[in-house]
Amino acid sequence: MIKWTVEPFNKPIFRYFHCHFHSPTKVKLCFGCVKNSVLKCVFVPKKYELSSPMRETRFVDVILPLALPKLYTYRVPFECNDEVAIGKRVLVNFGASKIYSGLIGKIHGNPPEAYQAKYIEAVIDEYPVVTDLQLKFWDWICDYYLCYAGELLLASLPASLRLASETIVVPIDAGIGVYDKLTDAERVVFDALIENNRMALADIADLLQRKSVYPLVKSMLEKQVVGIEEEVHDRYKVLTKPFVSLAENFKSDAQLNEAFDLLKRAPKQQDALMKVLQLLGGNHQAKIPKSTIISADDSLNAAISSLQKRGILNIEYIPVDRVKGNEADGKVLNLSVAQNGALESIKEGFEQDKVTLLHGVTGSGKTEIYIRLIEETLKKGKQVLYLVPEIALTGQLTGRLEAYFGKQLRVYHSKFSNNERAEIWYKLLDGTEVKLVVGARSAMLMPFSNLGLVIVDEEHDGSYKQQNPAPRYQARDSAIMLAKMHNAKVLLGSATPAIESYFNAKKSKFHYVPLLERFGKAVLPNIELVDLKKATRDQQIQGEFSDRLLDAISDTINGGEQVILFQNRRGFSPRWLCTTCGWCPECKNCDITLTYHKYKHNLRCHYCGYLLNPPPKCLACGSPSLKMIGFGTEKIEEDLSMLLKDARVGRMDYDSTRGKNAYQQIIHDFETNKINVLVGTQMVTKGLDFDRVGLVGILSADQMLSFPDFRSNERSYQLMMQVAGRAGRREKPGKVLIQTYNTEHWLLQAIVNGNQDLVYQKETQDRREFLYPPYCRIVNITASHIDKHTVEGAAKELAKQLRVFLGARVLGPEYPPIARVRNKYRMEILVKLDGKVDLVKAKALIQSKSEELKLIKAFKSVRVILDVDPY
DNA sequence: AGCACGCCGACT
DNA sequence: GTCGGCGTGCTC
Ligand SMILES: [Zn+2]
Ligand SMILES: [Zn+2]
């Protein structure tokens, strides 16, 4: 922890600092006292002199960890001139009192003309924590996706490496009669301060049950009864563990015999020493973790301490990894003929420096090909980035890769703690141990220095696009740019490529490698449609299940095989409904019905988090007959358990996998056949390999097909193919049943007939006809404001201004399906940028016009969000 | 994101 | 009258 004390009566608050640990030396800042940290001491014993002609005065442009459009210029204290470097963090005072750790983005010697630059408080790092290539990459993302460097800093740098000060109020011994000077509220605060010694501003707000406390604290500051400290906590600590070794004087056998003589009366210590020697196994120079000695026998702990006191053993704290790499299992990988062919073809693409698209059907063994390519890249001493959808990280893939690549690999996961992320960050900066990073979208923002290969698996997946907050980047598209900067190769892989990627392949912009043969004789599943219209007419339907599907499930489980049932979550949500008047509980902040969560028995808004207990009576008509509707996985699980006695049903969705190991447990239960029917949402579509699945059922294809979005056909196709791929792995073909009211739909027909080409051909044609990507680029502009008329006015004005330059390319504004979120009304403008406009100029225009909107008085508090290439 | 400054309604 | 809530603008 670094701590500054601000002398309370000094007007310019950040002039004089005391380091608590080096007191009474007056220093500007001190890091020397921070244990185990990369921070270091900056002694600045005197006030800075104003610039003299003899000295070079340097300035740095700092990226602050805030969503601000610009960089801020700070002056470098002469003493730090040699320390500043691009990519290092600096502590700077921003605003009245806050201290942030910003990042040096630029160094120059131009004093700002319009204002007096503040000094940086300190240079934090000895070496840059962000590489030049990262900064270059950030620049590109900012330009392309219309966002700010600060937003990239926020998205990239692990929170442990981002420091911000906290304002701490401390009492001052103000002598007798303090109370007379204070108001009632101030007395309450003062008493609490005496008791607690120190309080954060938020604590005081809590105590007084009010929102703004700053004026009160300011008044107390003026009355000289409190002081203020700005504390910055160094949040990243290297984790250390105790290691035991033999002391210098007890390494030889003779010396050790002496030691045992000394211990004649201490049998426990003899035991401990014996155990140490045994674990050292003859290597008397080695150090062993204390935990391994006492793991079997806790009572040895005290003995070890005694041995240390006697000077026989040394104990030292050595840094250890929080996120441990695993040992490789040394298994060899053999590729099939088809896989080898694909591998060669991919390399041909790489030689032409082309992005390569590997179109491999489910089960064709893409992963083995990836592994081979990764191996070859690592051998050349280069790093590899392997991107997968977030959902696949929890599955079986990572274990498999870890077994193969051992310690060179790190998985980068959003579930890691901040310190774990920081550790991986530093490991990658260091670049000696970790060479391969497997992770979701945000893994691409890590500090790679020497990428040789970027793999984007399931390249069509929508989760590669970041939604909120900014930067709203598309990881697949950005990966291509990242690779270009590193001079690395790019491999996109998918069983169902995105229309855009397939288009690029067809146009020879990408090198295309098909791998349409399943690995190990496995046969493609047999897909069949179940006509729900007919089933309803013939009364062969129970709830969500047609008799055909029920029979198939029953047959499958009776044959000892397993079933996966897929329930599409998009557009579905369980809700509470009044059967008398049709009323549904709605969110008070958003225009949406609340989702019912059975496990907690509450109603929740997915947009703002608003919670409501299910009302006992209808709030519209007072009728008590309310019921749950909607086709969530819970209901399917429940119904199926009732309909089929032999079904042991498990459920995999967002709710059922909340717990720490819940996900692994469900997978384990399914693998061991404890469950024989698995009902799930999108989660069952990715990263799972099961051997016994005889049947996959898609409960309804209709919702996804009718989703109002230009990608709905593409998405439906990808989703259905992906779930279908879970069926029938080995020799036996699996069965896939798709229930629908719309058996004639061209896409469903194409799927049943295995006519993949038709899907891509027809969809590409539709995109051209209705002008959607890949035939244009889309920028989505969302305006939001508490007042409906204000947004409408603002959005219309913005659209009007854009139309002056872009004409009919500007569509809308229109209200989105959910017009109000978090009590703000939203309106959207869609801009379609075709090949005839200059993309860069058009985007710059959109950005400037959006910013200019704030200059109109009535619209100045309208928020505008730009989303480039929305998904 | 904070935090200051300024305006406006509720309570002394 | 004053305190505290809230909208608006600025931070190098
Ligand atoms: Zn009702
Ligand atoms: Zn809501």
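The backbone N, Cα and C atoms fix where each Cβ goes, and this holds for glycine too.
Per TrEMBL, these features apply:
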BINDING   A:Cys578, A:Cys581, A:Cys618, A:Cys621  Zn(2+) 1 binding site
BINDING   A:Cys587, A:Cys590, A:Cys605, A:Cys608  Zn(2+) 2 binding site
DOMAIN    A:347-515  domain 'Helicase ATP-binding'
DOMAIN    A:613-766  domain 'Helicase C-terminal'
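Everything TrEMBL records as a feature, shown here on the structure.
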residue	record	Cβ within 10 Å
A:Cys578	Zn(2+) 1 binding site	21
A:Cys581	Zn(2+) 1 binding site	12
A:Cys587	Zn(2+) 2 binding site	25
A:Cys590	Zn(2+) 2 binding site	20
A:Cys605	Zn(2+) 2 binding site	21
A:Cys608	Zn(2+) 2 binding site	15
A:Cys618	Zn(2+) 1 binding site	21
A:Cys621	Zn(2+) 1 binding site	12
Environment of A:Cys587, A:Cys590, A:Cys605, A:Cys608, the listed Zn(2+) 2 site - residues of the same chain whose CB lies within 8 A of the CB centroid: A:Lys588, A:Asn589, A:Ile592, A:Leu594, A:His606, A:Tyr607, A:Gly609, A:Tyr610, A:Val821, A:Arg822
Check: same-chain CB within 8 A of Zn(2+) 1 site center, minus A:Cys578, A:Cys581, A:Cys618, A:Cys621: A:Thr579, A:Thr580, A:Gly582, A:Trp583, A:Leu619, A:Ala620, A:Gly622, A:Ser623, A:Leu626
Cβ under 6 Å from ligand 1: qualifying binding-site residues of A:Cys587, A:Cys605, A:Cys608: none
Predicted model, mean pLDDT over the domain 'Helicase ATP-binding' (A:347-515): 94
Top Cα neighbour of A:Cys621 (Zn(2+) 1 binding site) in the set of binding-site residues A:Cys587, A:Cys590, A:Cys605, A:Cys608: A:Cys587
Sequence-ordered binding-site residues from A:Cys578, A:Cys581, A:Cys587, A:Cys608, A:Cys618, A:Cys621 with Cβ under 6 Å of an atom of ligand 2: A:Cys587, A:Cys608
Nearest recorded site to A:Cys618 (Zn(2+) 1 binding site) by CA-CA distance, among binding-site residues A:Cys587, A:Cys590, A:Cys605, A:Cys608: A:Cys587
A:Cys578 (Zn(2+) 1 binding site): secondary structure state under DSSP, collapsed to three categories: strand
